[in-house]
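According to TrEMBL, the protein carries these features:
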- 17-26: domain 'Uroporphyrinogen decarboxylase (URO-D)' (DOMAIN)
- 22, 23, 24, 25, 26, 71, 148, 203, 315: substrate binding site (BINDING)
- 71: site 'Transition state stabilizer' (SITE)
- 136-152: domain 'Uroporphyrinogen decarboxylase (URO-D)' (DOMAIN)
Ligand code: CP3
C-alpha cells in the first residue's frame, strides 16, 4: 500500500507522504505551454490533455499522489449549466441561481444524466501510468459551489449564498441537496475509473458562522462523501472555529487544516481518530529555502501526534511559486535532505 493510503488508514509510515493542492497548474512552465490556446474548462474535458497535466507534477516533484486536473464547476458544466472560468477571476455563471424559481429550474436537471465519459477516460489514462501512486479525485462542497452559483461569480463574503439560508431556507436546502448529488456523481465517476482517494473542497466555508455551518452546510457536505468507499479528505479554509464539524460525523478520513492554526493545536481539537492534512503556509513558498525548510520541518514535527499526517499546503500553490521550492519540500518530507 502507498504511504498516502497508509497515513489515511492511521498506519505508521517511514516517510511523510506529501502532495500539493493546485500542484497541477500555473506554477509549472510545462503546464502553461500545454494550455496555450485552450480554455480552462475545455482542457478539463479533453482526456489526453487533462491526463497529461495531472501527471506533470508527479513526474517533476515525485509527490506521493496525483490530483486530478479538473475543476469544481465541471460537473455543473456537464449538467448543462452555463459556466466559464475567467482567467484571473474564477468561475462565472451566465444565469445565477438567486430566486426560488431559479433554484427549481436548476434542480429539475437530474444529476444521474451527467455524461462523465470524458472524466472517466482521463482518469483511466492517469491511473494506468501511475501504477501504485494514488490518484486523488475531488469535488466542490455544496457551499463553495453555491458561493459562486448564487452570486454568479467570485465574491468576498459570499453574502448572497449565506443570505439565502435565512431568507428562503427551503430553496437553500433544495439547492444544496442538488449540488451535493451533482458533486457525489462527479466523485463516483472518478472513483469508478480508478481514483483511490477523494477530497472534498469547501474552500469558502470559513465565511460561515459555526451555527450556520452546522445547520445549513455540514449535512449536505456529508451526503457527498458518506459511504463513498474510498478514504475522503475534507478541506476548508478558515474553518478553525468549527474544525471538529469538518469531520462530518466520521465520514471524513482526514481533515485539511489551513495555515492559520498550528497543526498540533488542530490535532488536539480533532482528537486521535482522524488523520490530518496540511498545513505549510503558501506565503512561505516565496521565502529563501532555509526559511521555508525550517517551517516545513516544524509542520512535520507538529504533525507527529496525529493518527496520520499528509503534508500539504494550507491552501493551493500560488501561480508565481518557483517549482523548485515544491521539489525541495518533497525531498525533505522523504528524508532526502
Ligand atoms: O492541481 C490541482 O489541485 C488539481 C486541479 C484543480 C483545479 N481547480 C484546477 C484549476 C482543483 C482541485 C481545483 C478546485 C477548485 N476550483 C477550487 C477549490 C480549491 C481551492 O483552490 O480552494 C475552487 C475554489 C475552484 C474555482 C476556480 N477555478 C478558481 C477560483 C480558479 C482561479 C481563477 C484564476 O485564474 O485565478 C479556477 C481556475 C483553475 N482551476 C485553474 C486551475 C489549474 C487556473 C486555470 C488557468 O490555468 O488559467
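Even glycines carry a Cβ here, placed using N, Cα and C.
Everything TrEMBL records as a feature, shown here on the structure.
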{"residue": "22", "record": "substrate binding site", "Cβ contacts under 8 Å, 6 or more apart": "316, 317"}
{"residue": "24", "record": "substrate binding site", "Cβ contacts under 8 Å, 6 or more apart": "31, 53, 54, 56, 57, 66, 67, 69"}
{"residue": "26", "record": "substrate binding site", "Cβ contacts under 8 Å, 6 or more apart": "32, 319"}
{"residue": "71", "record": "site 'Transition state stabilizer'", "Cβ contacts under 8 Å, 6 or more apart": "40, 41, 44, 85, 91"}
{"residue": "148", "record": "substrate binding site", "Cβ contacts under 8 Å, 6 or more apart": "73, 90, 91, 93, 154"}
{"residue": "315", "record": "substrate binding site", "Cβ contacts under 8 Å, 6 or more apart": "21, 203, 237, 258, 259, 282"}
Per DSSP (helix/strand/coil reduction), residue 148 (substrate binding site) sits in helix
For the domain 'Uroporphyrinogen decarboxylase (URO-D)' (17-26), the DSSP helix/strand/coil residue counts are 0 helix, 1 strand, 9 coil
